[in-house]
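One structure below.
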């Protein structure tokens, strides 16, 4: 087996407690997660926020990995300090260097089990395609969104987010824990197959590519003036037809979708995105070929 | 119409945002809630916590109405200070005196729309019975629980909690808002019928009376060591048979219910109760006659 070390992060957001609980139980019961021989370094992303049951203390840790923030010595937000610390410990040049990162998240939206990839790095997409071929997970390709930057996984040579939902913040749910466990195992199994030289890559894979986000209608003070229409709640991954109800005003009036091309909504009514002015994101389905050189790039990284 | 003033509180817990949103919209659109001619004073219970999206700042406001806390000049917890303030403004001897309080809450558990009554005050039960006869809402009678004291409604001559769920903390949901609106209207319609001398009381009513609470199994550090079994999740109000799965250990082992008498569980996996060591509460169903003197007591209060 290679010298590959996979950083497995949970609790990047301190109110997403199912991943941290899984890691905690795993430390006591090693059989819980079959690593398939892959070296795994588990870590809690934001232990201070987790202890308080809050998403973050000063700012979102999963937007704190922007290079300008990391390079600035004057920014003292606790999450930026923590981002630097995680990199100095576990970054590719850290004291315990990891080449690949898996970052565990949960959501109040009905995303099921989803892989999230940031940008179009060949190694990320090769790994996601390999996992999709094994477990059928959808891939949300978050790309070209200038408003959302500084994600943790971007600072490692290869990295994926696993998003599981729906689950309220701060609540343990057995099904969510089990879905998280299965997704982690699928990632490690895929990496193990690469390390042992026997990966079964698909010829092509499906991504849902980020088009943009919609916000709730807001009042003059910037507060939500309508809410997600009940017929849309929980309908992540189902194409949005022109005229479909989007938002419901208090007086019963309905705000409808006026766009074309039936985009596919994701992260519908994620609690933490209200402050980011995102009521849902829209995606389009793309079938992508998987070039051999992407497979080679992942092989090279795993064989480090 | 009498001089009755009903205090309508939302946001007693700052992360339960659907009630506050309803009050906010109501202030802009008076038709939203038909008060049936009853005088209503709307107020946000914990505006500072609501602004931060947190349940509370220093301690739970809805446990801060204990007489010993209210009488102590030395306790400076912001919620205790706020409790005193609410009483000095809107208490029965306050500057804007209210005789009856309705306190709006939401829960991550599948409680549907529930009335919660604290103790067995005749006026509370008469009002709850009247609402149950109109809208069929279940009544959870929280009584004889020495560990949980100091609820807001207890400091008014008459008061009910309306609990609506399931909904994550910090998330607007159209259905939850509508359920809250309907329950508030039913309360006000019932009070209006009393004020106009035409209430239709039932001969008897049904309560689910608190028996006790069960906690998750905990580890040596006091952290949850198992989670609510997925087959129990969302099954509030459904009798618990001996041998039914309660909790699931990480290794897949099942902790089963060993009690008798098929108690009825409520507040299964409410996120905020983990810190109170409550994974669910158990109740028994009671059919209670509604004595005429209870009706008279409510009539007297409403005719103030």
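Quick reminder: no glycine exception, Cβ is built from N, Cα and C everywhere.
Same-site candidate for substrate binding, as annotated by Swiss-Prot with A:62, A:63, A:163, A:273, chosen from A:55, A:71: A:55.
Of the residues A:105, A:142, Swiss-Prot places A:105 in the same Zn(2+) site as A:13, A:16.
According to DSSP, residue A:55 (substrate binding site) sits in a coil region rather than a helix or strand. For the substrate site, the Cβ centre of A:55, A:62, A:63, A:163, A:273 serves as reference, and the other residues of the chain with Cβ at most 8 Å from it are A:12, A:13, A:60, A:105, A:272, A:276. Local packing around the binding-site residues A:16, A:163 was summarised as the count of other Cβ atoms within 10 Å of each Cβ; on this measure the leading residue is A:16. Checking the binding-site residues A:16, A:55, A:105, A:273 against chain B with a Cβ-Cβ cut-off of under 8 Å leaves no residue at all. Relative to residue A:16 (Zn(2+) binding site), the binding-site residues with Cα atoms inside 10 Å are A:55, the candidates having been A:55, A:62, A:63, A:273. Annotation for residue A:62 (substrate binding site): spatial neighbours A:12, A:13, A:45, A:103, A:105, A:150, A:151, A:152, criterion Cβ-Cβ under 8 Å with sequence separation of six or more.
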